[in-house]
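Structure first, commentary second.
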Amino acid sequence: MAHTLAQKILQAHTDEAITAAGQIVRCRVSLALANDITAPLAIKSFRAMGAKKVFDRDKVALVMDHFTPQKDIASAQQVKLTREFAREMGVTHYYEGGDCGVEHALLPELGLVGPGDVVVGADSHTCTYGGLGAFATGFGSTDVAGAMALGETWFKVPPTIRATFTGTLPKWVGAKDLILRLIGEIGVDGALYRALEFDGAAIEALSVEGRMTIANMAIEAGGKAGLFAADAKTLAYTAARGRKDAPLSADPGATYERELTFDVSGMEPLVACPHLPENVKPVGEVRGVTLDQVVIGSCTNGRISDMREAAEVLKGRKVAKGVRCIVLPATPGVWKEALKEGLIETFMESGCIVGPATCGPCLGGHMGILADGERAIATTNRNFRGRMGSLESEVYLASPAVAAASAVAGIIAHPGSL
């Protein structure tokens, strides 16, 4: 049988023959992941199961990223519980404090995920690693606890939707715009329990970091996973992080449930309007919407390429009076590289608030909460009502370039208009 990428990866991790979508299979996992919000629940379930040790201390990752630095007593208690569990179990990949970053930016940077892996995480944006050619998906904490104990889990083999992006990307149009275009087309449930497989000339032209941006938001269309073939760019990325991976692609003749094609030629940057990621419009149609806050960072767009994109727009310009522009490089590695390249100086001179590697305001956690009636544009992945604070606030989603341009203009703006 010719396999899609999802089927091909799952097949390599099970002893059962995968012959059709919808089949239930037991698969070995390459990595089980949880964070400071979800790990305590997973630990509770782990102990309730009677488990005494994790299946492999090198294949469990616990990343304290959502409320870091701990914002209150409750979050400090969550981290303390997880820290003690990690010590008890001898977990190799426990990250907190100065070596911690936003999990879905940190783990690829450390070489802990790569092509052909099966990764389960107690976080919905675990699908990010599909940008590297891994079958990665978000689980509930209880299922992750089972994977931590057993080293395996079950899957229903998902059907696959193939999304092909053709043409050449115009200036200021990038990965964030491509995934917003797809979500705008099929809706937030358009890929419900489907794997999304991305290809085409525009996809091949993207950096690995750009591909991870797209994979990150597969879940915003309901996707079980968002997958990219592992090509020369992928292998160069993982090799630089100490891995030895092989090329990986779908089999010729694989069966897809649906095939979509998008021509990116002449595209304008896109913005997702409140209160769903599917409410997508060209930036020109929302130009002029006033803003109180801009957030540049997150597991979607907090990598070094995103910092460079934002700095290109902000250099020599000032953030508009009355606008808070918060920049959160996603990992210590990104922070150090941004400092080395002078990007941090650019942000500071522009009047930005530059903070630590944290999820922070993305989930309405801290470091940038919106009040009643306030409006933000962010490079994050969700804009549900109340996502960044008050139920009476609004969040628009966009690329780092559009977010930076909007910070300067004080209104939603095209970076080419400055």
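Every residue, even glycine, has its Cβ placed from backbone N, Cα and C.
Positions annotated as [4Fe-4S] cluster binding site by Swiss-Prot: CYS299, CYS359, CYS362. All protein chains included, CYS362 ([4Fe-4S] cluster binding site) registers 27 other Cβ atoms within 10 Å of its own Cβ. Reduced to three states, the DSSP call for CYS362 ([4Fe-4S] cluster binding site) is helix.
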Checklist entry - Which residue, out of the binding-site residues CYS299, CYS359, shows the minimum number of other Cβ atoms inside 10 Å of its Cβ in this structure? => result CYS299
